[in-house]
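Here is what Swiss-Prot says about this protein:
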- Trp354, Asp355, Lys588, Gln589: substrate binding site (BINDING)
- Glu483: active site, proton donor (ACT_SITE)
Amino acid sequence: MINQRLFEIDEWKIKTNTFNKEHTRLLESLTSLANGYMGVRGNFEEGYSGDSHQGTYIAGVWFPDKTRVGWWKNGYPEYFGKVINAMNFMGIGLYVDGEKIDLHQNPIELFEVELNMKEGILRRSAVVRIQDKTVRIRSERFLSLAVKELCAIHYEAECLTGDAVITLVPYLDGNVANEDSNYQEQFWQEEAKGADSHSGHLAAKTIENPFGTPRFTVLAAMANETEGFVHESFKTTEMYVENRYSYQTKASLKKFVIVTTSRDFREEELLSKAKELLADVVENGYEDAKRRHTDRWKERWAKADIEIKGDEELQQGIRYNIFQLFSTYYGGDARLNIGPKGFTGEKYGGAAYWDTEAYAVPMYLATAEPEVTKNLLLYRYHQLEAAKRNAAKLGMKGALYPMVTFTGDECHNEWEITFEEIHRNGAICYAIYNYINYTGDRNYMEEYGIDVLVAVSRFWADRVHFSKRKNKYMIHGVTGPNEYENNVNNNWYTNVIAAWTLEYTLQSLESISAEKRRHLDVQEVELEVWREIIQHMYYPFSEELQIFVQHDTFLDKDLQTVDELDPAERPLYQNWSWDKILRSNFIKQADVLQGIYLFNDRFTMEEKRRNFEFYEPMTVHESSLSPSVHAILAAELKLEKKALELYKRTARLDLDNYNHDTEEGLHITSMTGSWLAIVHGFAGMRTANETLSFAPFLPKEWDEYSFNINYRNRLINVTVDEKRVIFELVKGEPLHMNVYEEPVVLQGRCERRTPNE
């Protein structure tokens, strides 16, 4: 089902020549730009008085918004950390004969917007009427991958009907607010500002907070390159700086902005560093800055592009998702993680969730250098002490990683998530396994990984309890990945990943040095308890149905399938009461199937099939994380039609606004699912036991697909068509791997026939 498709189908661009004012926020989300350091929604430079969400976000710059709940519970975090809306540095006001152009008010005769994903450049043009004049607007902008602090804009305006005075007003505006502020407060205060005829700067600092969290100062410095103007001026007001240029009939301006923050420089250095970077960019010019930026995108696409022949819609979808993921994070700063919305909106506060470890890590392992993924792991390692504090607040030993965080301290303030969705601890440990298993970097375990594993294992050992009645260890009062159920007992996935963590920790302790083991103070009596828990963990199972049961009472519900739902009631979270959702059997996202996906090699094909056929028909996929896991398992089970249906949903989740919420921002971490569904799903890539293996098939609707993976200092190209799969070793040493369960030595080029259906 197509929900809200704004853009034409194009393999490398998202573009449209239609502007629907009802979908302005959706357009802004989908045309967002970022470079890992900062990001901006696709707002119009000249401003827009209609329904719009002006959004500028700086990586790692956040504020502790005081928690707002009706009933305070012991253990709640005092604040919800939020990436806050920073100053608008993109603005360029446009006036014709003194009257401001506004695409909400002025009649639009022509409108075009194009996001070029190959280049990372957003272009827009419009022809608008203002009084008796017709004016053409053209803009081009990018956030540089080569100079991360740089935003560059080329803006032009021309009167097409006679003479007119065109005025351009490039500005910096710190009068911004968060739409999701709990108490409608402003988070910024002015620190400094200044301007002259062709430049200006504005510095703002986050207001004081009672929680002792860091304050941040952000400075934006702009330089404007223009000529042919007949008048110029500048001014500064509270939290605002502008330059103003007036032209006869036609205007052209290049606006360069450098953004520096107190995360990287001392406050007294922010302006001098910005001016230094700005001078270098201006000296080399706009075209040089653009070339350096597009060259970086060329390098990234060479490693990570996925090509689909025979389906332009899905080709556009996968490239869009890769583009937005690499715009959000590329591993340059170990202090950063991947927020679910990236730099595209304020929902979820822009903080780190377990999505990163479960969904983003496997993609980045294969599409970027190992250091990119390692930095994601180090982010959690550096927050280990905070995770121990989180566990202590709940009266537990060991470490409990937060559901939502910037510093390692928990920011989420819903009890059923903060206190109960503890399976997140397992995802952090699984990412360590995934990284070491994929890269072979065993030093990571000794230096960093084992510290996390031991601390999390101590939490699990304390969180379980022993049921004398069943002679089993259990975990009560949890929320599994399916957040449409809370406070359940013995969530199968949680129990599985808890026991697996203990098992993996025991295994890993055997490989570390005696000195490290002494440092961790791991005693044999403690290890014996862990072994006992592993051996006697309880896993809900139905002998009758021969399935793993989601939790103790799941089968006592009124079991229905999704096709029994009235489509008008979807999505459930927008139409049902929370009470009704909790009592239903409908599943928001993979739960049991999440465990089968992660620990795939531990289950038989028949176990996978029975559980998939039982749970998938009950799954509403109202989490953006859901379709990809189901697509991967459907592909493995040779359910091609179902796999492709689910893949389409994950590939075009935002482009077609499947969940009716993309106007709030993109589903960044979920975008990894479109990559996973092709590589882990259709291509059947696995890395169990440090052995790379493939079992590809080609969906009947496609002619061919191909992709690259990085694997242990090798670059491998994989191409799958109707009759064969071709592996090409582009770079690196020969590799022993498996294809359709047969051993293969890859050196140069290797070709195998795909199995006949």
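Cβ atoms are placed via backbone N, Cα and C, with glycine included.
Location within the structure of each feature annotated in Swiss-Prot.
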residue : record                    : Cβ within 10 Å
Trp354  : substrate binding site    : 23
Asp355  : substrate binding site    : 24
Glu483  : active site, proton donor : 21
Lys588  : substrate binding site    : 22
Gln589  : substrate binding site    : 24
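Here the C-alpha separation of Lys588 (substrate binding site) and Glu483 (active site, proton donor) works out to 6 Å.
A Cβ within 8 Å of the Cβ centre of Trp354, Asp355, Lys588, Gln589, the residues given for substrate, is found for these other residues of the same chain: Tyr353, Ala358, Pro481, Glu483, Ser623, Leu625, Ser626.
Once the Cα atoms of Trp354, Asp355, Lys588, Gln589, the listed binders of substrate, are compared pairwise, the greatest separation found is 16 Å. In this structure the alpha carbons, written CA, of Trp354 (substrate binding site) and Glu483 (active site, proton donor) are 14 Å apart. Cα-Cα distance from Asp355 (substrate binding site) to the residue listed as 'active site, proton donor': 14 Å (rounded to the nearest whole number).
The distance from the Cα of Gln589 (substrate binding site) to the Cα of the residue listed as 'active site, proton donor' comes to 8 Å.
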